[in-house]
Amino acid sequence: MLLGNNTEQSDPANRSIGGFSVIESAKRVLEFLCPGTVSCADIIALAARDAVELTGGPMIQIPTGRRDGMVSVASNVRPNILDTSFTMDEMIKRFSNKGLSLFDLVILSGAHTIGTAHCSSFRDRFQQDSKGKMKLIDKSLDSSYADELMKECPLSASPSVQVNNDPETSMVFDNHYYRNLLTNKGLFQSDSALLSDNRTRKLVEDLANDQQFFFESWGQSFMKLTSIGVKTGDEGEIRRFCSSTNA
């Protein structure tokens, strides 16, 4: 959330992130009602929790009391996020470094049941030949789905163009993400890897067939995710404005 030269927001991998104004709006209201009490870190965690419930997902109780960090450096971004081109081994290592399991990896990937993505995050999975026809590069992607994606993301498309992560129920938090994987309609290469890898395929199949299992598992894995690197006690601060430290 911190603005400035060389902060995490300045890294190209983060430039497409939105929603900052929503967090700031919530912070302004909270500072008026109970100043210096609710951190920006708590607001972000609660907003993520509520976005799931508002789109049809499970309601989860999560602890609060997080404090805000004081440092934001662009070089911290890449070692701490996934790239959509990651292999399964790369994703497992990145999750393991955060104390998250292979199970958590598959469950939290289910967040792709809602939201949108820029063309650049998956456009290398297919090509457009000189006659305008689609040529499949990544064979793990359904060809008819790739055709649809190419129409939405032609070579002439603006960098700002976005498509739905889930082509079926893009505004509903459900288990259709996993159903889509079974028909080779995972938008990202990292999505398709969950089906093609023997370590995760059975779990994908189970989640595709049982939405309640997904919802219950989501609550457990989301709780773990929101507990990573939390600052409490005398660590950090409770910012007055999310875009800047109090100093």
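Including glycine, each Cβ sits where the backbone N, Cα and C put it.
As annotated by TrEMBL, heme b binding site applies to His112. For Thr113, Asp166, Thr169, Asp174, the entry in TrEMBL reads Ca(2+) binding site. Residues or ranges marked as disulfide bond by TrEMBL: Cys40-Cys242, Cys119-Cys153. According to TrEMBL, the domain 'Plant heme peroxidase family profile' annotation covers 1-246.
A map of TrEMBL features onto the structure.
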| residue | record | contacts (Cβ under 8 Å, 6+ apart) |
| --- | --- | --- |
| Cys40 | disulfide bond | Met1, Ile23, Lys27, Asp68, Arg239, Cys242 |
| His112 | heme b binding site | Asn165, Asp166, Tyr177, Gly186, Leu187, Phe188, Asp191 |
| Thr113 | Ca(2+) binding site | Asn165, Asp166, Thr169, Val172, Phe173, Asp174, Asn175, His176, Tyr177 |
| Cys119 | disulfide bond | Glu152, Cys153, Ala157, Pro159, Val161, Gln162, Val163 |
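Cβ packing within 10 Å was compared across the binding-site residues Asp166, Asp174, and the lowest neighbour count falls to Asp174. Counting every protein chain shown, the Cβ of Thr169 (Ca(2+) binding site) has 18 other Cβ atoms within 10 Å.
Within 10 Å of the C-beta of Cys242 (disulfide bond) there are 20 other C-beta atoms, taking all protein chains into account.
Taking the centre of the Cβ atoms of Thr113, Asp166, Thr169, Asp174 as the Ca(2+) site, the nearby residues of that chain (Cβ within 8 Å, site residues left out) are Ile114, Glu168, Ser170, Val172, Phe173, Asn175, His176, Tyr177, Asn180. With a 10 A radius on its CB, Cys153 (disulfide bond) counts 22 other CB atoms from all the protein chains. In the predicted structure, the domain 'Plant heme peroxidase family profile' (1-246) carries a mean pLDDT of 95.
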